[in-house]
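Undergrad: Let me give you the structure first, and then I'll get to my questions.
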């Protein structure tokens with residue numbers, strides 16, 4: 001509804017349906033952590049949707065226009081930018097996203113990281129000409145920096161992927177005012193790579209680094225592919241993930257924003273460190289101590305038959 005609508009009320013209704021549809025998937029395990037995640041997600045998204053409605057009403061009050069592409073009132077644009085940043089989980093409204101992702105199953109986490117971000121990004125795409133470029137650039141650089149810094153310290157794979165998502169949102173937002181098609185390209189490639197990582201982790205049943213260390217015994221070839229996908233998500237040059245970063249840096253340089261391009265590139269190196277650590281744990285190392293996780297070659301026969 002949100003993607004195809006031209007009227008703000010329809011876009012708001014689509015965002016609300018979006019929020020309500022994912023809540024049962026987050027809370028279906030009935031674990032206290034899942035209920036907490038669902039509550040945090042609902043409160044944040046409801047607040048952001050209310051701000052979207054408030055900004056569109058303020059704009060309609062001053063201009064008489066309910067058309068999404070006719071957002072011209074400066075205060076309305078500022079409130080809308082904040083609302084969409086809250087919906088996406090960008091800095092400084094990022095606090096909910098790692099917690100919600102950590103409390104959700106991997107398949108739900110995949111939906112939260114990819115498909116659930118499509119409507120807000122579409123709204124950004126449709127209103128990019130009226131948003132404040134300085135505000136977007138500041139939020140983008142802060143997102144890239146904080147996504148890199150906070151991801152360094154994590155042992156939970158879902159939280160690492162949450163901070164990775166925040167960092168990638170920074171790359172998408174910084175180029176939005178200058179070349180919005182690059183934002184969509186970045187989002188599509190990010191969705192593709194995140195899809196493969198989440199599905200791989202779901203297949204080998206990995207939720208934290210200590211489990212990832214022994215996962216090579218279950219599916220060695222899948223782990224090798226996980227290594228390449230992680231490095232692609234990090235944006236290393238021979239791999240697909242480098243393409244949007246290269247194009248974004250090129251476009252920023254053309255717009256005489258070389259210092260911003262340098263800053264966001266340096267902050268992406270922080271992300272590269274934790275991706276490398278994940279890749280290293282997935283494919284190279286063995287645990288230095290005994291582990292309780294079942295190895296693939298352990299016999300499943302009863303003890304009486306082994307005597």
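Heads up, residue numbers simply count up from 1 along the chain you see.
Just so you know, glycine gets a Cβ as well, placed from its N, Cα and C.
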Undergrad: When TrEMBL marks a stretch as transmembrane segment, which of 257-276, 277-296 is it?
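TA: Result: 257-276 is the stretch TrEMBL calls transmembrane segment.
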Undergrad: Quick one: average pLDDT across the domain 'NADH dehydrogenase subunit 2 C-terminal' (272-305), no decimals.
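TA: Averaged over the domain 'NADH dehydrogenase subunit 2 C-terminal' (272-305), per-residue pLDDT gives 65.
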